[in-house]
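Trainee: Here it is, the structure in full.
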Amino acid sequence: MTNQRTTRDGSHGTESVPTQRSRESTDEDHGCPECNGDLVTDEDRGETTCGECGLVVEEDGIDHGPEWRAFNAQEQDEKSRVGAPTTNMMHDKGLSTNIGWQDKDAYGNTLSGRQRRKMQRLRKWNERFRTRNSKERNLKQALGEIERMASAFGLPDSVRETASVIYRRALGEDLLPGRSIEGVATSALYAAARQANTPRSLDEVASVSRVDRGEIARTYRYVARELSLEVAPTDPASYVPRFCSDLELSGDVERRARDLLAAAADAGITSGKSPVGLAAASVYAAALLTNERVTQNEVSTVANVSEVTIRNRYHEILDAGGEPGVEA
């Protein structure tokens with residue numbers, strides 16, 4: 001079957017032209033049948049044309065988008081009829097309905113006392129239906145803990161999502177008996193932060209958790225082993241950007257600190273030492289070398305390590321980097 005072709009200059013042809021073409025394809029297999037040029041789709045006009053010779057390959061194309069039009073992001077959000085995407089950060093993945101606590105009707109008017117009592121009963125039953133068994137209640141409590149701790153650290157949603165998936169796996173493989181919900185939730189967040197290269201030290205995690213450092217460490221090792229989590233050893237350099245930001249130091253300090261850590265790693269002095277202590281000492285040394293004064297106490301507070309650790313690592317890092325001594 002042949003289709004009549006029309007070009008922008010009004011000429012006609014009778015060569016065979018495929019009636020259906022990919023709207024966004026620009027490779028050779030879906031090029032212009034006349035000159036093999038790239039095809040361009042005008043969604044407003046419903047036309048697919050050749051960008052080289054102007055051949056109209058397809059006319060009156062079907063618009064697969066919504067039937068409504070929006071001219072800005074706000075209008076698009078208001079007219080969209082789909083809900084939020086599913087998320088592992090909620091125990092029901094965000095698929096259930098939640099009744100708000102505003103006690104107002106659709107027009108913004110305050111509900112009467114009788115209506116408020118009715119809504120309170122509905123909320124109570126709604127919450128019961130959302131968590132139908134002990135497993136869902138367990139998951140709801142744990143994900144709430146993960147959200148609370150991640151918010152305290154300012155961790156991105158990607159880390160929270162990963163931590164939620166790790167906890168779901170631990171729950172699914174029955175790793176919780178004999179361990180607290182808070183302990184497993186904290187270890188899941190600790191592992192997720194390390195996997196995303198935004199690590200937090202055990203001391204930092206323990207400062208916002210409801211369990212102590214020892215339990216977090218034990219639970220983390222158990223969960224990582226049972227779930228075969230791929231968690232690489234923490235790179236001290238991954239702490240440097242956060243420390244520099246908290247201390248309001250420049251990018252020069254951050255770059256110098258990374259160079260010092262790289263030299264220390266090449267010299268083999270980082271093995272068996274705390275990554276947090278190495279990062280703190282490198283930031284302190286880099287600040288002094290770039291004439292941006294910062295005290296050991298300030299670095300100690302931000303990194304949550306002792307000043308003694310900073311002093312010890314400081315001299316080792318300078319020696320490894322071949323830097324001249326700077327009075328601490």
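Using the three backbone atoms N, Cα and C, a Cβ is placed for every residue, glycine included.
What you see is a predicted model, and the numbers here were worked out from it, not measured in a lab.
Swiss-Prot feature annotations, pasted as is:
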type	residues	note
REGION	1-47	region 'Disordered'
COMPBIAS	1-12	compositional bias 'Basic and acidic residues'
COMPBIAS	21-32	compositional bias 'Basic and acidic residues'
ZN_FING	28-58	zinc finger
BINDING	Cys32, Cys35, Cys50, Cys53	Zn(2+) binding site
REPEAT	144-227	repeat '1'
REPEAT	238-319	repeat '2'
Trainee: Give me the count of other Cβ atoms within 10 A of the Cβ belonging to Cys50 (Zn(2+) binding site).
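Mentor: Cys50 (Zn(2+) binding site): 21 neighbouring Cβ atoms within 10 Å.
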Trainee: Can you tell which of Cys32, Cys35 has the most other C-beta atoms within 10 Å, given these are the binding-site residues?
Mentor: Cys32
Trainee: Around the recorded Zn(2+) site, report the further residues of that chain (criterion: Cβ within 8 Å of the mean position of the Cβ atoms of Cys32, Cys35, Cys50, Cys53; site residues excluded), sequence-ordered.
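Mentor: Going along the sequence, the neighbours appear as Gly31, Pro33, Glu34, Asn36, Gly37, Gly51, Glu52, Gly54, Leu55.
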Trainee: If you average the pLDDT over the repeat '2' (238-319), what number do you get?
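Mentor: Across the residues of the repeat '2' (238-319) the model's pLDDT averages 92 on the 0 to 100 scale.
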Trainee: So, three-state DSSP: helix, strand or coil for Cys32 (Zn(2+) binding site)?
Mentor: coil
Trainee: Give the three-state DSSP assignment (helix, strand or coil) for Cys50 (Zn(2+) binding site).
Mentor: strand
